[in-house]
Amino acid sequence: MRNKKILKEDELLSETQQAAFHQIAMEPFEINVPKPKRRNGVNFSLAVVVIYLILLTAGAGLLVVQVLNLQARLRVLEMYFLNDTLAAEDSPSFSLLQSAHPGEHLAQGASRLQVLQAQLTWVRVSHEHLLQRVDNFTQNPGMFRIKGEQGAPGLQGHKGAMGMPGAPGPPGPPAEKGAKGAMGRDGATGPSGPQGPPGVKGEAGLQGPQGAPGKQGATGTPGPQGEKGSKGDGGLIGPKGETGTKGEKGDLGLPGSKGDRGMKGDAGVMGPPGAQGSKGDFGRPGPPGLAGFPGAKGDQGQPGLQGVPGPPGAVGHPGAKGEPGSAGSPGRAGLPGSPGSPGATGLKGSKGDTGLQGQQGRKGESGVPGPAGVKGEQGSPGLAGPKGAPGQAGQKGDQGVKGSSGEQGVKGEKGERGENSVSVRIVGSSNRGRAEVYYSGTWGTICDDEWQNSDAIVFCRMLGYSKGRALYKVGAGTGQIWLDNVQCRGTESTLWSCTKNSWGHHDCSHEEDAGVECSV
């Protein structure tokens, strides 16, 4: 009987060991100890398991922290995509994400988050399995050679962990382009801009032909002295004229009145001794003249064209007495004067006594030079010579220096809107196309009857251009035909000042709409 009990115990033990072996084979991480012999091995195994659990718990905690961080980042990313719009596109964090991963940061963040969630689930399941193994290891009676009771049937296993997420799918097709938005309303007319700078000084014109010399006018009363003018531009230098023929010596003029005492001149060449004249009286000094202001020195002009010498003029009428001139340079020695008329013969005196021979007298002092004669009267102007041939056009002068821009004027108040305002426009391009006018709240065209370049110039002037050219066959317009038979001279400021039919009166169709081509 005892042997049978021993055999039964051996069979039970072997069955228990086989069951434990099968259980160990099913659990891949369970320590395989088929025959523990000492208590020290069990303690060592428990210590190893505890250390492993601690490390696993620490690793799971780190994974949880990383998952929480990624979830926080995911919430931040979701904020940018609420209602399919980027509400916070200008934030620094969004721009930083875009600069770091411009096309991949969203897909990579979502895939990494899914991978971490799967790893966290796997760690949680592994942790549960490890706890079950520890329970099996500590509660297994076969490990301590104790017959255990038959265990209750195990609970139904938990649902398996979610599988690893699949690879992200290919990007979807690009979205269709949205419909074009409605055209916005016309903006309000802005205030007029400030006044522009003054224009550049124009080029100097061509020199005109030399005019005929005018007759000498009567001497006018001297006007008040004007202010000193600014320095003028240098004139063109005319050509040097031919030397005139020397005039004949004029008749001896009447003796002039005694003039003021002149300044002492340089000693002239001694003339032949003349008859000793009587000593004249000293004249009274004249009043000093007003000192004139020196004029600004002009630039040297270019030589003018050679003129045709005119015939000698006739003797002119005596002019008014001129003001005393400044002292001139010393003149050349004058010709010897004509001998004076002999005096009347005196009575013959009685012969006087022979006187003593006197001493030779000293040489007398040189007499005071006589006053300068009055300047001869100016001859009358000669007959006008034949008109010279027009000279060649001079070279184009250098462009003048651009004047300084004036100070910006004060901005004027905005004017009130006028009633029945009229304006013009070009349909086609900015400066070429069909001419249209705005009248009574409606745009209309112009008939090309009598439409010429002068009309186009006035039309372009209304748009700020300076030149214009009339065009025809520029394409038919629509709506009203406001003007017909427009006839401008080209100097008008607007078309409304030109001769034309009344507004809306015409005999044309839109095939005859007028056009313009404007230029600066």
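Positions of Cβ are set from backbone N, Cα and C atoms, glycine also.
The topological domain 'Cytoplasmic' annotation in Swiss-Prot covers 1-43.
As annotated by Swiss-Prot, transmembrane segment applies to 44-64, with the evidence given as sequence analysis.
Sequence annotations record features per position, and here Swiss-Prot assigns topological domain 'Extracellular' to 65-520 based on similarity to another entry.
What Swiss-Prot records for ASN83 (among others) is N-linked glycosylation site, and it gives sequence analysis as the kind of evidence.
The N-linked glycosylation site feature in Swiss-Prot is assigned to ASN136 (among others).
The region 'Disordered' annotation in Swiss-Prot covers 142-423.
Sequence annotations record features per position, and here Swiss-Prot assigns domain 'Collagen-like' to 147-419.
Swiss-Prot lists 410-419 with the feature compositional bias 'Basic and acidic residues'.
CYS447 (disulfide bond) carries a strand DSSP state (E or B). Same-chain residues at least 6 positions away in sequence with a Cβ under 8 Å from that of CYS447 (disulfide bond) are, in sequence order, ILE481, LEU483, ASP484, ASN485, HIS506, ASP507, CYS508, GLU512, ASP513, ALA514. According to Swiss-Prot, the disulfide bond annotation covers CYS447-CYS508 (among others), on the basis of experimental evidence.
The disulfide bond annotation in Swiss-Prot covers CYS460-CYS518 (among others), and the record cites experimental evidence as its basis. Its own atom aside, the Cβ of CYS460 (disulfide bond) has 23 Cβ atoms within 10 angstroms in the protein chains shown.
The disulfide bond feature in Swiss-Prot is assigned to CYS488-CYS498 (among others). Sequence-distant contacts (6 or more apart, same chain, Cβ under 8 Å) of CYS488 (disulfide bond) comprise GLN452, SER454, ASP455, ILE457, VAL458, LEU495, SER497, CYS498, THR499.
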Applying a 10 Å Cβ distance cut-off over all chains shown, what neighbour count does CYS518 (disulfide bond) have?
23
Under DSSP, is CYS518 (disulfide bond) part of a helix or a strand, or is it coil?
strand
Tally every other Cβ atom lying within 10 Å of the Cβ atom of CYS498 (disulfide bond).
18
